[in-house]
Structures are given as C-alpha cells and as structure tokens.
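Presented below is the structure to which this report refers.
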Amino acid sequence: MFSSSKQEKMSLSASRLLWPKTVFGRRIFVVIMILVTLFLYVAWCIVDDCVIDLSHGFGTMDMLKRYTQDDIGLNEQLKFVCEENFQDTRLYMQDKRQEDWKNLSMIYFVTPTYPRKEQIPELLRLGYTLQHIPRLHWIVANDYNSCNPYLNTFLYRFHIPFTHLSSPMPSQFNNAKAKPRGVSNRRAAMEWLRSRNITSGILYFGDDDNTYDLKLFQEIRDTKRVSMFPVGLIANYGISGPVVRKGKVVGFLDSWVAGRRWPVDMAGFAVNLAYMTEHPNASMPFVPGYEEDYFLRSLALRLDMIEPKGNNCTEILVWHTQTKNHEPTTVQISRDYLDNRSNLGLLFESLSNMGVAKASDRGGAKAIISKNGKSKPLSYFLS
C-alpha cells in the first residue's frame, strides 16, 4: 500500500512540474500543443498523399478525394460524336508533300470549346495554325448539349482530319461559383480515343484561345511518356513551367502551388498514348485548378520520367492568350428587310449560326444604316 501511494504521489508531482504555474504559461503551453498537433497532421497528410490548400481551406482535400477516388463518370454518358473525318486532303504542308510526312507520329490535338460570341473566330485562327501541321487529328469537343451543324461544316474548311464531339458540362456544375470548364470535353476526347482503340500517337490539350508556335509540334512529336515545357502569360509570374538542371526536371515555377504535385498549365505537357494506355483509368477530376495535377497523378508520373522540351524549357512555344468576352448582340431590324433584296438576310443568318448576333423585330440595338454620313431608313435602300 505504501509503495503504491508513493508512486501515485511521485506521478502527480511530475505532472505538476509539466503544467505551468502561471496563466500566461498555461496559454503558451496550449498554443504549443496545438501547433505540434497541426504539424503532425500536415506530416500525416504528406505521407498519405493528401492535398491541402491553406489559402482555400481544408475542404479542397475532401473535394479532391470525392471526385478522384469515387470516379462517378459524370460526362461519359453525355458524349455525342457529331462528325468524324479521317481524310487529310491537304496536298502540301510546310513545302512538302503529304506522303513525305507519313512516318511521323500522329498528334491528337484536343480542343475544348463552348458556344460564345468569340468561338468561331478563335477556332478559325487555331484551325489555320493547325493547317500547317502534318499528321494531326483535331478533336473539337463542344460544351453544348447537342451537335452544332454549323460547326460540322466549319471544320471541313481546314482539310485536316477531325472529330467533332458534343460534350456538355454536367448540369450539377452549372451554378457552381468556380466551374470546371473543359473537363467534360477533355474526358470525352479521351473516351473517344479509347473507344477507337487508338493506342499510339501523342495527346495534347490545346485550348481554342491559346497561341502556338509551330515548333511546339515538332518538339512534342517524339514524346516517350510525358513531355513538359513553359507556357507564357500564366498568372502572376507571366510564366508556368518546369525548372531544369542538367537536362532533368527538378521542380516547377508557378505562382499558384496550392498543394499541387504537378503545378503546370494544361497547355504545358504532352502525353504518349502508348504510355497512357498502360493506365486505363487515367482521368481528370471536375475540380477547378486541379485538373492537370490529378490527370498527371492518374498516369503514375514520376519526376524522373519527364522529358523537358523547348531547349531545356528555355523557350516559350505556347502562350495562354485570352480574348475579351463579349455578350451576344441583338440588332433591332425588321425581318421584312432580311430577304434577297440585300446581303443582310444571309449576313445575319451567318452571325446567328456563329452565336455572334441575331436580328429581332423588337428588342436590341436599333440598326442604323447610313450614306454620305447621314442615317437613312432601310426603306430608302430597299424599296
């Protein structure tokens, strides 16, 4: 009994020595314990491969796990193949005949797009860039719930092989504050490649508003697994891309890290389809800001696998240019004048098909027609 009582007294005495005597000391002790707990939690998260974005709260980790581990296949059932063209009718590319390029790897250039006033001008500019690239199949995935006949016809003008997909964003994201734009389109493109059993070539995600150096396509064509390169005009630094030392990627320069293992832009990497085939579950989450990171994670990518392009990532071969968005316009003009008496009928029909402007009998900005600096009613010209 005496021995047990003595041990209890000694234990109580030791605990009193650990507990500070003053109120201030106790507060400091509690703060230290909280910091130690947070440190252990962060260390556990790193080991457990979690993502913590301290600038956006701890909810990001749960959101990522929900969409990446529980792959709900949100858009696969919503994809429609609108048009496919496998014929390359270009006779010459870069001063060479088409048959001179036949041994090159095929590049599958995936462009997510969505209906807006600038859509057709953006695709027009991009299409004429791609027209210079041999052995290229353009996959245009439109964020629209049905096939756009105008877009079908439009894509034929470039004489390059293409696939036009209708791949709308799942409706549950329509009211989201930050929308995962382009995810359903890229996932639909990857599903199309798998459905066609295409296991060779190079996969590249190219937005419709970016600016591309023709040299980029030469660089990515010999990608063995995953190649990376800088992208200009990204966020605060104006650049995003790998840091290279002695020909090897050792880190990344990007102004928004946010716990991402692969903090790169979507336009900053290319993937060999043979390598992607080794990872049949490779996909992309519907989580804004983490699409690239978790797609590359799903490929089981390691740092030592990355192939730096663009002269060891010293050249910028793609720019994240962005066109100012404009709301579609309504022009008030009597439909009585949109007949074959002038060009206006066909002109507004084209503008409407492209989503740029439409004519209305009542609403919108009133159409002004002028001659010699003076406004005239349409009846003056068309009566």
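Heads up, the Cβ atoms here are built off N, Cα and C, so glycines get one too.
Summarising the annotation, TrEMBL assigns transmembrane segment to 24-44.
Asp209 (Mn(2+) binding site) falls within neither a helix nor a strand when secondary structure is assigned with DSSP, and so counts as coil. Listed in sequence order, Glu118, Glu122, Thr321, Gln322, Thr323 are the same-chain residues at least 6 apart in sequence whose CB falls under 8 Å from the CB of Asp209 (Mn(2+) binding site). Residues or ranges marked as Mn(2+) binding site by TrEMBL: Asp209.
Around Glu292 (active site, proton donor/acceptor), the same-chain residues at least 6 positions away in sequence with a Cβ under 8 Å from its Cβ are Arg260, Trp262, Val264, Asp265, Met266, Gly268, Phe269. Classification of Glu292 (active site, proton donor/acceptor) by DSSP places it within a helix. The active site, proton donor/acceptor annotation in TrEMBL covers Glu292.
Over all protein chains present, the Cβ of Asn312 (N-linked glycosylation site) has 15 other Cβ atoms lying within 10 Å. According to TrEMBL, the N-linked glycosylation site annotation covers Asn312.
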In terms of DSSP three-state secondary structure, what is the assignment for Asn312 (N-linked glycosylation site)?
helix
